[in-house]
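Trainee: Below is the structure I would like to discuss, written out as structure tokens.
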Amino acid sequence: MCGIISVIDRSRNKMNGESIKNALSLMDERGSGEGAGYAVYGVYPEYADYYALHIFYDDLAEPKAAVEDLLEKWGKVEYDEEIPTYDQERLKKDHTPWRYFFKPDGSFFSGSTEEDSIIHIVNKINTEIDGALVFSSGKNIGIFKASGWPEDVANFYRIEDYEGYIWLAHNRYPTNTSGWWGGAHPFNLLDWSVIHNGEITSYGTNRRYIESFDYKCTMETDTEVVAYLADLLGRKHGLPEDLTVKALAPPFWDEIDKMSDDKKELYTALRMAYGPALMNGPFAIVIANAEGIIGFTDRIKLRPLVAAEAGDRLYISSEEAAIRRMENNLDRVWMPSAGEPVIGRFNK
Amino acid sequence: MTIGSTPVKYRIKIDQDLCMLCERCIENCSYGVFRREGQKIVPDFRKCTACHRCIAMCPRDAITLEEKPNDYRSHPLWTREAREAIYNQANSGRIILSGMGNAKDYPVIFDRLVLDACQVTNPSIDPLREPMELRTYIGKKPRKIEINTVKEGDYELKTKIAPNLKLETPVMIGHMSYGAISLNAQLAMAKAVNKVGTFMGTGEGGLHKDLYPYQNNMIVQIASGRFGVDINYLERGAAIEIKIGQGAKPGIGGHLPGEKVAEDVSKTRMIPLHSDAISPAPHHDIYSIEDLAQLVRSLKEATEWKKPVFVKIAAVHNVAAIAAGIAKSSADAVVIDGFRGGTGAAPRVFRDHVGIPVEAAIAAVDDKLREQGIRNEVSIIASGGLRDSADVTKAIALGADAVYIGTAALIAMGCRVCGSCYRGLCPWGIATQRPELVSRINTDEAAQNVENLINGWTLELAELMGAAGINSIESLRGNRDRLRGYLLDEGIMEVLDVKMIGA
Ligand code: SF4
Ligand code: SF4
């Protein structure tokens, strides 16, 4: 189960959260009321140079003081506030969401990049500070999620008040782990956000692989590794998006064996080097970063995925009906084949 | 004669109503148990090793064998084995030899690990209808790959990939040397691995010319004795393995008695006829990881960096640190041989008491290499007492890339695990060099048996993966989430890093 929907406006025209909320709510039967969430890119233009850290606090005393101590130590908080929320009858407020616009102090991180320092801080908070959880840490992006039904979560944050040029939304039906706020999608690390429908049977392998590169899995669910793998392959190892997808959901050996020599060599190398990053099991995933979105399914397409275009907008979703809720006048609708990436990038 | 003789172990019975006096038992028992007295076959129980050859060959099913119950005064500490070992040594003053694997009753960790399967939320995959990929590459992998973008969507590989062995199934056959086993046994296995697209080891006995046609599926071994090693040997192998240790006898070398060094063996091993072939415990040019690295690199240099080089060690308590050192020595794979590994001949005290189980060793090595961020750059091959496809699946889920089987392949050719291999009289023609016994193996038939075994295991492995919703072996490797501990103590669970059943 689970329902996913995402949209990019390639000309960076902003969209508010109203229509994606309606689209996600249409897929209510794909969830269980235990988790929904929204990611929006381009949402904090006035703080575009700062990392927007969204943090769930269990209480506003100790964990908050500990986080703020840590942030003071490692850099500077330009502005912070409680993320405004609005009580909903069916949604129990388990945590208080807070946001910080933060810049790390370069002098602490000689030899590594600013991004690495943010990963380090996120890991530190999530593993060492009880009662605090960073659930969004990119620049000019924000994630809004909770345990609840899509429309309740949207109303809780008043998602229609936010606007951006990429939206991702997810309705969760947890089968592996309990429904808790941290376990709701989208998952995020830096620029990368992930929504996922399915179960990753290779999680044990993927987790051990990614942890050997110093990422720490703290969300008790299989989806977070996708964000980390995207960061490792895409940002750190510099693979283009389509090859990243081919590493995560590679062609079968039968297909590789039939390729031209050059391609065979490339795809063999990709599988050899990134075998432990290969994701198995039924899944449909959309990954976003500051440059665009990319959607793909597992290698035998055990989960549905539909793509559609209308003008500058590209939609990727579990259901065509959900896309049509956002835009009924579509230029093109298609079902991508198994493992084939659908890529939406901004116009240059 | 203070001690006298010990009671016999096995009792052989011949049903005289069924026996037709064909004398096949006499012919088949190389230990000389049977003789004919008039209209009767008379067995001498004392000589029997329970190899079952006579039983398997009797056309009338007239022979039965039973283990004789302990007729010593029973005692929980002074068991029959303990007492008989003392009688034996009180008589001989020698080291007690034994064959095959560890015969002590240690708990088998594999049997206390259970595999997982999908239900409903995550569909299992049916390998009969869906692709299931077991192809495995053994050797060095790059940490990351670099590419040039030729044009949008079109790429060129910049990274040079080191030579790897390409396996169609993660099951290989480990090293059993010519000398320890017969040429026919080696030939049968060579034909089998060639057929199924996997590999086998030559052992330290060199490479007999009859095996040349199968050299692309052979891994040549270099042990401390350097038997049979020259550039021709190195060049023929698909990969080269340096043997530091062996699970059945960690810390000691090998000894092939002169009487087994017949003409062909002497030629293949490049040693004088009937001379004892002794490979010492240490390699006398390796006393540190740096020395090992030198040997690894010189072997690579000698073969123009075209062949992967493996290093085999016995599973011992600090195996993880040693394996990490090996990984840094430019070796392409580390072979870990657990304490249940078989052998042609080992001091009993080593076979039964030295080393650690391979399950724990795989887990510890995999963890250590990950901690150092180099796990994917070196392959792990696990061996030592793997009995079926479940053991293979569990070994891979714990972190191995592939496995070596040994005893299982011999059993596929008839071996009854009688444990008397060191006597050179193996009635199945396996652990012997006597031509009349060796010829008992029909290499084509035996090859078919070994091929069937590997194919059968491979099919089962594919089914187990499918049940877990996994369609490529990469996703099973190190996937300890797919394992649960059943009746394992907390300490072992921690070493294995697996969850308890129900969790
Ligand atoms: S040693 Fe083997 S062949 Fe001889 S009697 Fe015993 S079981 Fe039969
Ligand atoms: S190889 Fe032969 S001697 Fe060795 S255990 Fe098997 S049957 Fe016995």
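Indices start at 1 and increase along the chain as displayed.
Every residue, even glycine, has its Cβ placed from backbone N, Cα and C.
Checked TrEMBL, it gives:
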- B:Cys19, B:Cys22, B:Cys25, B:Cys58: [4Fe-4S] cluster 1 binding site (BINDING)
- B:Cys29, B:Cys48, B:Cys51, B:Cys54: [4Fe-4S] cluster 2 binding site (BINDING)
- B:10-38: domain '4Fe-4S ferredoxin-type' (DOMAIN)
- B:39-68: domain '4Fe-4S ferredoxin-type' (DOMAIN)
Trainee: Check the binding-site residues B:Cys19, B:Cys22, B:Cys29, B:Cys48, B:Cys58 for any whose Cβ is under 6 angstroms from an atom of ligand 1, and report them in sequence order.
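Mentor: Result: B:Cys29, B:Cys48.
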Trainee: Can you list the residues of the same chain, besides B:Cys19, B:Cys22, B:Cys25, B:Cys58, whose Cβ falls within 8 Å of the [4Fe-4S] cluster 1 site's Cβ centroid?
Mentor: B:Ile14, B:Met20, B:Leu21, B:Glu23, B:Arg24, B:Ile41, B:Cys54, B:Met57, B:Pro59, B:Arg60, B:Ala62, B:Ile63
Trainee: Compile a sequence-ordered list of residues in the same chain as B:Cys22 ([4Fe-4S] cluster 1 binding site), six or more apart from it, whose Cβ lies below 8 A from its Cβ; state 'none' when nothing qualifies.
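Mentor: Set apart from B:Cys22 ([4Fe-4S] cluster 1 binding site) by at least 6 residues yet with Cβ under 8 Å, we have B:Pro59, B:Arg60.
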Trainee: Just to be sure I understand: of B:Cys48, B:Cys51, B:Cys54, which binding-site residues have a C-alpha no more than 10 angstroms from the C-alpha of B:Cys25 ([4Fe-4S] cluster 1 binding site)?
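Mentor: Within 10 Å of B:Cys25 ([4Fe-4S] cluster 1 binding site): B:Cys54.
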Trainee: Other than B:Cys29, B:Cys48, B:Cys51, B:Cys54 themselves, what residues in this chain have Cβ atoms within 8 Å of the centroid of the [4Fe-4S] cluster 2 site's Cβ atoms?
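Mentor: Other same-chain residues near the [4Fe-4S] cluster 2 site: B:Ile12, B:Cys25, B:Asn28, B:Ser30, B:Tyr31, B:Val33, B:Phe34, B:Thr49, B:Ala50, B:His52, B:Arg53, B:Ile55, B:Leu65, B:Pro427.
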Trainee: Out of B:Cys29, B:Cys48, B:Cys51, point to the one nearest B:Cys58 ([4Fe-4S] cluster 1 binding site) in space (Cα versus Cα); all of them are binding-site residues in the record.
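Mentor: If we rank B:Cys29, B:Cys48, B:Cys51 by Cα distance to B:Cys58 ([4Fe-4S] cluster 1 binding site), first place goes to B:Cys29.
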Trainee: In Å, rounded, how far does the Cα of B:Cys48 ([4Fe-4S] cluster 2 binding site) sit from the Cα of B:Cys19 ([4Fe-4S] cluster 1 binding site)?
Mentor: 19
Trainee: In Å, rounded, how far does the Cα of B:Cys54 ([4Fe-4S] cluster 2 binding site) sit from the Cα of B:Cys19 ([4Fe-4S] cluster 1 binding site)?
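Mentor: The separation of the Cα atoms works out to 12 Å.
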Trainee: In whole Å, how far is B:Cys19 ([4Fe-4S] cluster 1 binding site) from B:Cys51 ([4Fe-4S] cluster 2 binding site) when you measure between their Cα atoms?
Mentor: 20
Trainee: May I have the DSSP-based helix, strand and coil counts for the residues of the domain '4Fe-4S ferredoxin-type' (B:10-38)?
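Mentor: Breakdown, helix to coil: 5 helix, 9 strand, 15 coil.
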Trainee: Can you grab the distance from B:Cys29 ([4Fe-4S] cluster 2 binding site) over to B:Cys19 ([4Fe-4S] cluster 1 binding site)? Cα atoms, rounded to a whole Å.
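Mentor: Approximately 16 Å lies between the Cα of B:Cys29 ([4Fe-4S] cluster 2 binding site) and that of B:Cys19 ([4Fe-4S] cluster 1 binding site).
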Trainee: For ligand 2, pick out the binding-site residues B:Cys19, B:Cys25, B:Cys29, B:Cys51, B:Cys54, B:Cys58 that have a CB under 6 angstroms away from one of its atoms.
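Mentor: What lies within reach of ligand 2, judged by Cβ under 6 Å, is B:Cys51.
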Trainee: Among the binding-site residues B:Cys19, B:Cys29, which residue has the fewest other Cβ atoms within 10 Å of its own Cβ?
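Mentor: Minimum Cβ neighbour count within 10 Å, taken over the binding-site residues B:Cys19, B:Cys29, occurs at B:Cys19.
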Trainee: Tell me, what is the mean pLDDT of the domain '4Fe-4S ferredoxin-type' (B:39-68)?
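Mentor: Mean model confidence (pLDDT) across the domain '4Fe-4S ferredoxin-type' (B:39-68) is 96.
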